[in-house]
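Per Swiss-Prot, the feature transmembrane segment maps to 11-31, 53-73, 93-113, 127-147, 160-180, 188-208, 239-259, 277-297, 316-336, 357-377, 387-407, 418-438; the stated evidence is sequence analysis.
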Amino acid sequence: MQKYWREARSLLALAIPVIIAQIAQTAMGFVDTIMAGSVSATDMAAVAVGTSIWLPTILFGHGLLLALTPVIAQLNGAGKRPSIPHQISQGFWLVAGLSVLIIAVLYNAGHIISMMDNIDPLLADKAIGYLHAIMWGAPGYLCFQVLRGLCEGLSKTTPGMVIGFIGLLINIPVNYIFIYGKFGAPALGGVGCGVATASVYWIMYLLMHSYVARAPSLKDVRRPCTFEAADWATLRRLIAIGMPIALALFFEVTLFAVVALLVSPLGIVAVAGHQVALNFSSLMFVLPMSLGVAATIRVGYRLGQGSTDSARVSARTAIAVGMAMATCTAIFTIVLRKPIALLYNDDVQVLTMATHLMLLAALYQISDSVQVIGSGVLRGYKDTRSIFFITFIAYWLLGLPTGYLLALTNQITPAMGPSGFWIGFIIGLTSAAIMMALRIRWLQRQPKSWILQRAAR
C-alpha cells in the first residue's frame, strides 16, 4: 500500500503545476472575451467565432506534439538522455510543417465563415481579421509546446506553469494596447485580441527557450547550435505516435462545437443553459486532464527503467486518484450547482436549465476522469492508436447519435432538448472509460518483453 501512496504524491507533484498552467491558459481566453465585449457585442461574437475555428486547428498541432512527452520520459527512464536533443530537433521540424498547414487553413478560413447561415457581414470580417492575426502566433505556440514537452518528459512541470501565468499577465496589457489603440497602436477591437495572443505566444516561447538554455539540470539535453537535418525515420515514429492523439483531440473539440450548433435552434434559454453547464464542466475537466499528463510521464519513465510492475502501479494510482477527485467534484457540483449557475446568469429560466444540465454533468465526471487519465496512461505505453479508435467510437458513433435522437427526435422518447445531448455525453464518456480500462488491462497482461519493446519504439 505504501508504494501507492508514494506514487500518488509523485503524480500530484507533477499534476498540480499542470492544473495551474491550464487555468492560466483558460483565463487568457476568458480575458479576450471580456475585453472584446467591452468594445461591442459584435467584437465579442467575432472572437467567439474565430476561436471556434482556431481551437480545433491549433489543438490538432498540439496533439501531434504530445508524442514528445512519452518518448522523452521513456528515454529519461532508460538512461538515454543523450538521445533527447535529437527528438527535440525533430520536434521543431514537425513545427515547421504544422505551422505552414495551420496558417494556410486559417488564412482561408473566410470560406468556412461565409458558409455560416445569416452571419452578419461585419461580424464575419472581424472574425476573419482575428484569425489572420492569431495565425502568426501558431509557430510560437507550437515551439513553446515542443520545449514544454521536453520539460514535462523530464518530470519538470513547473516551468510551464510559471510561464503560463506570465503569459496571462502580459496578455492583459497587450490586449489593452491593441484593442483600444493605445501608445500609437491602431484600435483594432476584437482583432486586437488576435494580435495580442499571437504576440504572447511568441513571448512564452522565448521565455521557455531562455529557461531551457540556462537551467543547469537541462545542460546535457540542450540541442547543439549546429543545424540538424530532418530525420525521416524519427519524424515518422513521432507522427505515428502523435497523429492518433491529434485526431482524437480534434474529434473531441469538434464534437462539442457540433453539439453547440445543434442546440442553437432550440432558443436562447437552451443555448445559455448549455453554455453555463459546459463552461463549468470544462473547468472541472482540468483536474483529471492534468493527472492524465502526469500519468503519461510516470508510466513512460517507469517503462524506460524496464519496470512494467512500477508502470502498472503508476497507472492504477493515477486512475484511483482521479476517481477520488471526480467523486469530490461531482458532490461539489450537485450541492452547489445553483449558486454556481448564479455566477453566470440570474435569469430564472436559464438558471433552471443550467442547474438541470449541471446535475447531468456531475453524473459523468467519474467516467470523464477515467477516460482522460486512461488516455494519458495509454500515451505512456505509446499505445496511441487505440486512443483514436476508442474516442471516435465512443463520441461519434455512440454519444452524438444517441444525444441527437434523445434531444431532437421522438424516436426513443419525446424530444428532450439539451438534456438529450448531455445524456449522450454520459453514454459517450462512460463507453470511452470502459474501453480505455479494458485496453489498459489487456496491455498490462501482455509479456513484459513485448511491452518494453513497444515502449522503446
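Just so you know, glycine gets a Cβ as well, placed from its N, Cα and C.
Since the structure is predicted, the reported quantities are computational estimates derived from the model, not experimental observations.
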With pairs fewer than 6 apart in sequence excluded, do the transmembrane segment (277-297) and the transmembrane segment (357-377) have three or more C-beta pairs that lie under 8 Å? yes
For the transmembrane segment (316-336), which stretch among 11-31, 53-73, 127-147, 387-407, 418-438 has the most Cβ pairs under 8 A? 11-31
Considering the transmembrane segment (277-297), which listed stretch of 53-73, 160-180, 188-208, 387-407, 418-438 counts the most C-beta pairs under 8 Å: 53-73
Are there 3 or more C-beta pairs under 8 Å linking the transmembrane segment (11-31) with the transmembrane segment (53-73), counting only pairs at least 6 apart in sequence? no
Using a Cβ cut-off under 8 Å, which residues of the same chain at least 6 positions beyond either end of the transmembrane segment (188-208) come close to it? 28, 32, 35-36, 39-40, 42-44, 46-47, 50, 126-127, 129-138, 140-141, 143-144, 147-148, 151, 159-160, 163-164, 166-167, 170-171, 174-175, 177-181
Outside the transmembrane segment (160-180), six or more residues from its ends: residues with CB under 8 Å to it: 17-18, 20-22, 24-25, 27-28, 31-32, 35-36, 39, 144, 148, 151-152, 186-193, 195-197, 199-201, 203-204, 207-208, 211
